[in-house]
Amino acid sequence: MKNTLIAPSVLAADFANLQRDIEMINQSQADWFHIDIMDGVFVPNISFGMPVLDSIRKHAQKPLDVHLMIIDPDRYIKTFAQLGASVLTVHYEACTHLHRTLQAIKAEGMLAGVALNPHTSVGLLEDVIRDIDLVCLMSVNPGFGGQSFIENTYSKVAKLKEMIVKHNAPSRIEIDGGVTQHNAAQLVAAGADVLVAGSFIFNASQPIETIAQLKALPTP
Ligand code: DX5
Ligand code: ZN
């Protein structure tokens, strides 16, 4: 049985109690910290940047899964490696030379991820899938936490899974946006390997228990 990874999104944490919320994730069954970096250009929101990530990593005891929602991400690959990112995900829509960007991420010793906006077809990854460690399917339009899950994501997971198997690619499938108890089981059943969840975890009355419930979902 495979092991679904759970990546709480720090975007939904209480930034005035960030250390407390990081400790909660440390003590939970979560696998990764999901870190959303937004530039106010690629997406219509600005989240937080390097100084905050530097503080997070001093307390985080699990790998940092960094999701760059920024234009021209090549400029910052080395910076995020130095800040301790284990996974660095760039947006397909923000990369002119995606293959080159993926090699640059790997050259810095990180796993290379590609995120697809809801409108972007998984078929566009066919010629590069073997170079991708993680495909992040956005199940909301990126930029904000707390949005509603887009149902079309299920069929994208199925298509992507088929492509990964066909090419014997190493890629994990991550789902990001609007993940809750209403869709998590079906996503895992369809082939999702990593579930990102922000508001579902941090707004829960028992976040550690909520993470445990996601972790316990039956896998195919
Ligand atoms: C959206 C971010 C997500 C977000 C998820 O742009 O990439 O990671 O924090 O938050 P929820 O789970 O609340 O949709
Ligand atoms: Zn994200």
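Glycine is no exception: its Cβ is also placed from the backbone N, Cα and C atoms.
Annotation comment: TrEMBL describes Ser9, His67, Gly143, Phe144, Gly145, Gly146, Asp176, Gly177, Gly178, Gly198, Ser199 as substrate binding site. Here TrEMBL flags His34, Asp36, His67, Asp176 as divalent metal cation binding site. For Asp36, the entry in TrEMBL reads active site, proton acceptor. The active site, proton donor annotation in TrEMBL covers Asp176.
Distribution of TrEMBL features across the structure.
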{"residue": "Ser9", "record": "substrate binding site", "Cβ contacts under 8 Å, 6 or more apart": "His34, Ile35, Asp36, Gly145, Asp176, Val196, Ala197, Gly198, Ile201"}
{"residue": "His67", "record": "divalent metal cation binding site", "Cβ contacts under 8 Å, 6 or more apart": "His34, Ile35, Asp36, Ile37, Thr89, Gly113, Ala115, Cys136, Asp176, Val196"}
{"residue": "Gly143", "record": "substrate binding site", "Cβ contacts under 8 Å, 6 or more apart": "Met38, Val43, Pro44, Asn45, Met69"}
{"residue": "Gly178", "record": "substrate binding site", "Cβ contacts under 8 Å, 6 or more apart": "Ser139, Val140, Gln147, Ser148, Phe149, Ile150"}
{"residue": "Ser199", "record": "substrate binding site", "Cβ contacts under 8 Å, 6 or more apart": "Ala12, Gly145, Gly146"}
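According to its DSSP assignment, Asp36 (divalent metal cation binding site) is in a strand. Surrounding the centroid of the Cβ atoms of His34, Asp36, His67, Asp176, where the record places divalent metal cation, the chain contributes additional residues within 8 Å, namely Ala7, Ser9, Leu11, Ile35, Asp65, Val66, Thr89, Cys136, Val196, Gly198.
Taking the mean position of the Cβ atoms of Ser9, His67, Gly143, Phe144, Gly145, Gly146, Asp176, Gly177, Gly178, Gly198, Ser199 as the substrate site, the remaining same-chain residues with a Cβ inside 8 Å of that point are Leu11, Ala12, Asp36, Val140, Pro142, Gln147, Val196. Whole-number maximum of the Cα to Cα distances across the substrate-binding residues Ser9, His67, Gly143, Phe144, Gly145, Gly146, Asp176, Gly177, Gly178, Gly198, Ser199: 17 angstrom.
Asp176 (substrate binding site) carries a strand DSSP state (E or B). Summarising the environment of Asp36 (divalent metal cation binding site), the number of other Cβ atoms within 10 Å of its Cβ, over all protein chains shown, is 24. A Cβ distance below 6 Å to any atom of ligand 2 is met, among the binding-site residues Asp36, His67, Gly143, Asp176, by Asp36, His67, Asp176.
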